[in-house]
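Chemist: This is the feature table in TrEMBL:
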DOMAIN    A:9-104  domain 'Pseudouridine synthase I TruA alpha/beta'
ACT_SITE  A:ASP52  active site, nucleophile
BINDING   A:TYR111  substrate binding site
DOMAIN    A:144-246  domain 'Pseudouridine synthase I TruA alpha/beta'
Number of protein chains: 2
Amino acid sequence: MTRFALTLEFDGTPFFGLQRQSHGPSVQQSVEDALHRITGERVVMHSAGRTDAGVHALGMRSHVDIDKPFDPFRLAAALNAQLRPDPVAVTHCEVVPDDWHARFSCTGRRYLYRILNRRPPLTLQRGHVWHVAQPLHADAMHRAAQSLVGRHDFTTFRSVHCQAADPVKSLDELRVERVGEEIHIHAAARSFLHHQVRSMVGCLKLVGAGTWPETRIASALAARDRNALGLNAPPHGLYFVEATYPDPREEPR
Amino acid sequence: MTRFALTLEFDGTPFFGLQRQSHGPSVQQSVEDALHRITGERVVMHSAGRTDAGVHALGMRSHVDIDKPFDPFRLAAALNAQLRPDPVAVTHCEVVPDDWHARFSCTGRRYLYRILNRRPPLTLQRGHVWHVAQPLHADAMHRAAQSLVGRHDFTTFRSVHCQAADPVKSLDELRVERVGEEIHIHAAARSFLHHQVRSMVGCLKLVGAGTWPETRIASALAARDRNALGLNAPPHGLYFVEATYPDPREEPR
C-alpha cells in the first residue's frame, strides 16, 4: 500500500460539497470514482477541509491509499484525464509516509473570500464571487475583523450543524483588503468551525455597509449566541486556499 | 434625441458574437431588446469592436440614440435590470455629443489574450482562458512579438472573411508576460484586422513551445500569405479591454 497526497483545485459550482453525499455529486465521489477506473480499487479519500456546496478550492490537500504501485506524476495525469468533464484538477501528487493524514496532520488552513463590490451585475465572475452592490468600507471591515483574531469561543459564528466538540478556536489572521472592484477577506487558523468563515464575512459585510457599527463584531463574539449573528455570506465567494503541515520533510509541495 | 455612450462588460460564452446575428444570440440583440423594453424605441447599437463568438469584453464602448429623455445613471440601472440573466453589464453610461461615434471616433483599441499554461486541466477558469499544457517560453514569445510591432501589411494574420479595405495596420504594442500560471498577451492598435489578435497569438504560442524559431514570426509577416500562418488561438482566451477616443472633452469615463 502506498499513501499519495493530492493537491486539488476545483470549481464548487456543480458539487454538493467536497465530502461524499447521498443526494448529489461531490468532489470526493468524482476523485474516488476516477481512481476506481484507473486502479480497480475502491478507496476513501480524506481531505484537510470539508467545504460546503458551491465553495471552491485552489489548493485542497487530500490523501488516498492505493495497493498497486504508481508513479505519482503518472497517477496525477491519469486522474486528470479520468476526472473530465468534472471541474476538478489534481495540481500535485506525491508519495507521503503512511502516518501522514491530510486532515489530522494539518496544522493550518487558509481561506479567501471574494466580494465583488460594485453596482453593475456580474458577468465573467458569476458563481465565483459574492456580488454586493452597496459600497463597502474595507478599512472599517478590517478594523472590526481584528477583534476576532486570537483565541475565542466562536459559538456566535458556528453553524447549528457544527460537529466540533469545542467552540474555542484560535484565529491567526482575518485581513480585509480592497483589490480593484473586489474586497478580499483572508482567513487563517489551525482549524475553523462549520460556516465560521461565511458567518464572519456576513457580519463584516454589515460593518462595511454601515449597517453595523464596527464595535458590534466584538459584542457579537462576546454574546456567544447565534442570534447575535448577521446572515452567512453565500458559499460561491469562498475559496479553500491552502493547508499546511508541520514537518517540512513530510510536507508535499 | 440624445446619444448615450455605454461601457459594456460581458462574458462571450453564450453569444454568437457582439454583433447581431440571424442564427443566434448576440450582445447587440440583448442590449437593443433591453432598451426596447425600457424605452419602447427600436434602436441600433454601434460598438468600437466586433468581437467573435466566445470573445469577452471588459470595457467595450458602444453608443445608442434615444428619443425619450433619460438620466444616464438611471438608464444604466434600468439596462442592467433588463439584461438579466444575460451576462452583460453596463458599467458606465453618459451623454455624448451627437457626432461622437463609438466605432468611427475610436482611435485606440486594446485586447488581452490569456493563456493558462500548466499541465493540469482547467477548473475555475473554463471558457475564460486558452489552456496550453506544454510549457511556453514567455520571453521568447515577447521577443518574437516585437517584429510585429509597427506599421506592416498584416495579410498573413488576417481572416479570409476580413472586410477591411487595407491590410496595412499599425500595431502599437504586443507585449507578452508571464503572470503566475498564466501568459498574458497585450495588444494595442488604432484598429485590428479580423482575427488578427488570435492569429498573432496562435503563432506566438508555436514560438513559445519551441515549434517555431523566434525568427519565423518576422518571415510569416513578410510572406503576406495566410499559408504561412499557424492555427488561430481559440476565441475564449480573448478580451476586448478598452477603446480610447482622441478628445478628452468628448471621452466618456
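In case you wondered, yes, glycine gets a Cβ from its N, Cα and C as well.
As the structure is a computational prediction, the values presented were derived from the model and not from experiment.
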Chemist: In whole Å, note down how far the CA of the residue listed as 'active site, nucleophile' lies from the CA of A:TYR111 (substrate binding site).
Modeler: 13
Chemist: Among the recorded positions listed here, A:ASP52, A:TYR111, whose Cβ has the fewest other Cβ atoms inside 10 Å?
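Modeler: Counting other Cβ atoms within 10 Å of each of the recorded positions A:ASP52, A:TYR111, the minimum falls on A:ASP52.
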Chemist: In the domain 'Pseudouridine synthase I TruA alpha/beta' (A:144-246), how many residues does DSSP assign to helix, to strand and to coil?
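Modeler: Helix (H, G, I), strand (E, B), coil: 35 helix, 31 strand, 37 coil.
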Chemist: What is the three-state DSSP composition of the domain 'Pseudouridine synthase I TruA alpha/beta' (A:9-104), stated as helix, strand and coil residue counts?
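Modeler: Result for the domain 'Pseudouridine synthase I TruA alpha/beta' (A:9-104), in helix, strand, coil order: 25 helix, 26 strand, 45 coil.
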